[in-house]
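The transmembrane segment annotation in TrEMBL covers 12-33, 39-59, 130-152, 158-176, 188-207, 213-231, 270-289.
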Amino acid sequence: MLLALLRLTRPANLVTAIADVLAGMAIAGYFVLVKAPPAPVGWLCLATVGLYGGGVVFNDVFDADLDAIERPERPIPSGVVSRQAAATLGMVLFAIGIAASFAVNATAGVLAIAITVASLVYDRFGKHHAFLGPINMGLCRGLNLLLGVSILPDQVLPWAWVGLIPIAYIGAITMISRGEVHGGKAGTLRLAGLLYGVVIACIAAIAQRRQQLGTALPFLFIFGYYIFPPLWRATREPIGRNIGLAVKAGVISLIAMNAAWVAAFASFPLAMLVFCLLPLSRLLAKLFAVT
């Protein structure tokens, strides 16, 4: 039962969410402060685990009937976890995320509520909309990045625009993921590849503007190395399995992208610490489903 509940939270994805908020903290300039207290870092890492976990749990709650047909091995349709138990877990995780955010400051708390609402809207309605669905899912990640920025509340508005970059990236992954079960269209995959390229170019441009391109470039190369080959294979043969692998690579590789953010705004050693989350996430991805 406990293992099944853990499966619902997508542990590998939770690690990528932590990388999001660490990147946001770097963008805010928190890691270059003298004697910056560590407690807010811990609270926001706990918050993002709760918020992301709640979102993916409710995804399975709302999809239980469809999963009974397409993915009967999942915890809810298989009968290992009841829909009510899963919903309770999701509510508890959201509550933890919101409470931990308010423990840092009110701005973080408001962002946590916004993430909760955006997640539930996506789980219940957004995923069924071809155009707004990917934007909705991307908004969840963009807000998660800003949750990290909110560690210094006065930095949220000046850096709010950077949330558009994860919106574009996650929007691309969400477009791809629609073909996971029955296969997809090569045109959609090519558009996703274009968005991937735009995201990398934007981060590189920001790093260059901050005179940190050389520091960020290794992580951007690794990011591209992980995301483009599986996407290319899926484009050549857009069957469910190939698309699933492309989606999995896209999600896990968020850690490399976030390491590039940290390199651009903080330092190479801190970026390496974030990047070290990647092996952990990849290991968890072998043990638990990512999508």
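Placement of Cβ uses the backbone N, Cα and C atoms for every residue, glycine included.
Because TrEMBL annotations are produced automatically, they should be read as predictions rather than curated entries.
Proximity of the transmembrane segment (158-176) to the transmembrane segment (39-59) is not established, fewer than 3 Cβ-Cβ distances being under 8 Å for residue pairs spaced 6 or more apart. Tertiary proximity for the transmembrane segment (188-207) is limited to same-chain residues at least six positions away from its ends with a CB under 8 Å from its CB atoms, namely 162, 165, 168-169, 171-173, 175-176, 178-179, 213, 215-217, 220, 223-224, 227-228, 231-232, 234-235, 238, 243, 246, 257, 260-261, 263-264. Ranked by number of Cβ pairs under 8 Å to the transmembrane segment (270-289), the listed stretches 12-33, 39-59, 213-231 are led by 12-33.
Sequence-distant contacts of the transmembrane segment (213-231) (same chain, six or more residues past either end, CB-CB distance under 8 Å): 176, 189, 192-193, 196, 200, 203-204, 207, 242, 245-246, 248-250, 252-253, 256-257, 259-261, 263-264, 267-268, 271, 275.
Sequence-distant contacts of the transmembrane segment (12-33) (same chain, at least 6 residues past either end, Cβ-Cβ under 8 Å): 40-41, 44-45, 47-49, 51-53, 56, 141, 144-152, 155, 159, 162, 166, 251-252, 254-255, 257-259, 261-262, 264-267, 270, 274, 277, 280-282, 284-285, 288, 290.
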